[in-house]
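Asker: Just dropping this structure here.
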Amino acid sequence: MLERVREFASRHIAFSVFLICLIDFVFLLYAANSLSISYNEAEIFFQKRSLLSYILKLSTHFFGQNDLAVRGVMIFFHIASVVLMYKVSKFYIKLEFDRIIAVLLFVLLPGTLASALIINNAGICIALALLCIYLFHIKKKILFSLFFCLAFFIDGDFLIFYAGFFIFALYKRKPPLAWLSAILFLLTLYFFGFETNGRPSGHFIDTFGIFAAVFSPFVFIFFVYTIYRIWVKEKKDLLWFIAICSFCFCMIVSVRQRLELEQFLPFCVIATPLMVRVFFNSYRVRLPKFRKGHKICTSLVMLFLIFNWSAIIFNQIFYLFLSDPTKHLTYKFDVAKELADKLKEAGVQDITTEDTRLALRLKFYGIKTKSYSKNLLASADLDEKSKFSIEKMGKVVANFNIKER
């Protein structure tokens, strides 16, 4: 059965990539439609001036101010990243089937899935980084330089990306690339800076745990092994320099302070072709009778990744098993949309509330906050009888009342 799948995937590469993208797209739409905008996402949309916020507003201009219009932007960047991952992998992996596995692994990583659903710079960073790497490899110098410079405007998130390119250029003795990378690195550092203030505090274990969550524990262990093995034994290429710069910088600096990891993790998850190459090199040098351990480990890792992926996509079901709904992993992405719909059904168009974070979220759905509004919105305990009850999977997760002033 496995051999047939492998043979089919190897013969129908374009269809295999298309099928992965299609299935991924359908489930992402389902997950996106079940989420409300969070406070941080609403802050990006309404209050921040960034490339992402302008793209989001352009999308809502054409498709209306709704969740699919804003999350659809992230899904678009994600699907583009999947295609680019396949394109980039051919410079690191020889066999077509292995490239499909690299794409599949990339799609199943929890960090990649989160970047496709959560509105922040991670999704656009992954897509733009892969595009720059691809353009570099196919020697499209003008387009590469254009997008390489465009990355400068992504809120300083490409600082470590430029550092990786700079070290790679020095290693390969490419002076023009080294100068361009160094200039962009220094400009990013000058205009966006890097926070080093405050009292030193260790966050190494926290950072290590976040990396394990983004990759999944077993894949993260193999990621570290891959980085180390290439360092001591194999050819060092561009993707390796970017990944090791990002990872080592995070680990070293986290000893002193907490980092905004969304600025660094995108440049680690794109290293999936390296992991796949190292794995299959190790797998194929062994005789078939000595491959059993590799097969068992691979099966367990893939099952664990599929379980994690399914748990994120179908996260709403976990409300059934929690006595405290606020402990749900996506609670901060819930409630607002349903509450706005119920308020509109009751004829409430404006409110006043002490919860400024909720007010900003409701603003996205057309519920205005006015200091002189007669409608005072207040939350209520879950066991209280309230006018507006928000349910998930048939279970009450939030209660609200409107009090006239």
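Backbone N, Cα and C define each Cβ position, glycine as well.
Per TrEMBL, the features are:
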type: TRANSMEM; residues: 12-32; note: transmembrane segment
type: TRANSMEM; residues: 68-86; note: transmembrane segment
type: TRANSMEM; residues: 107-136; note: transmembrane segment
type: TRANSMEM; residues: 142-170; note: transmembrane segment
type: TRANSMEM; residues: 177-196; note: transmembrane segment
type: TRANSMEM; residues: 208-231; note: transmembrane segment
type: TRANSMEM; residues: 238-257; note: transmembrane segment
type: TRANSMEM; residues: 263-280; note: transmembrane segment
type: TRANSMEM; residues: 300-322; note: transmembrane segment
Asker: The transmembrane segment (263-280): which same-chain residues, six or more beyond its ends, come within Cβ distance under 8 Å?
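Answerer: Beyond its ends, the transmembrane segment (263-280) has Cβ neighbours at 85, 88-89, 92-93, 95, 98-99, 101-102, 105-106, 109, 111-112, 115, 121-122, 125-126, 129-130, 133, 156-157, 159-161, 164, 210-211, 214-215, 219, 222-223, 225-227, 229-230, 234, 239-240, 242-243, 245-247, 249-250, 294, 298.
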Asker: For the transmembrane segment (107-136) and the transmembrane segment (12-32), does the number of C-beta pairs under 8 Å, pairs 6 or more apart in sequence, reach 3 or more?
Answerer: yes
Asker: Using a Cβ cut-off of under 8 Å, list the residues of the same chain at least 6 residues beyond the transmembrane segment (142-170) that approach it.
Answerer: 50-52, 121, 124-125, 128-129, 131-132, 135-136, 177-178, 180-182, 184-185, 187-189, 191-194, 238, 241-246, 249, 262-264, 266-267
Asker: Is it the case that the transmembrane segment (12-32) and the transmembrane segment (300-322) touch, counting contact as three or more CB pairs under 8 Å in which the residues of each pair are 6 or more positions apart?
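Answerer: Between the transmembrane segment (300-322) and the transmembrane segment (12-32), which are separate recorded stretches, there is contact, as judged by 3 or more close Cβ pairs.
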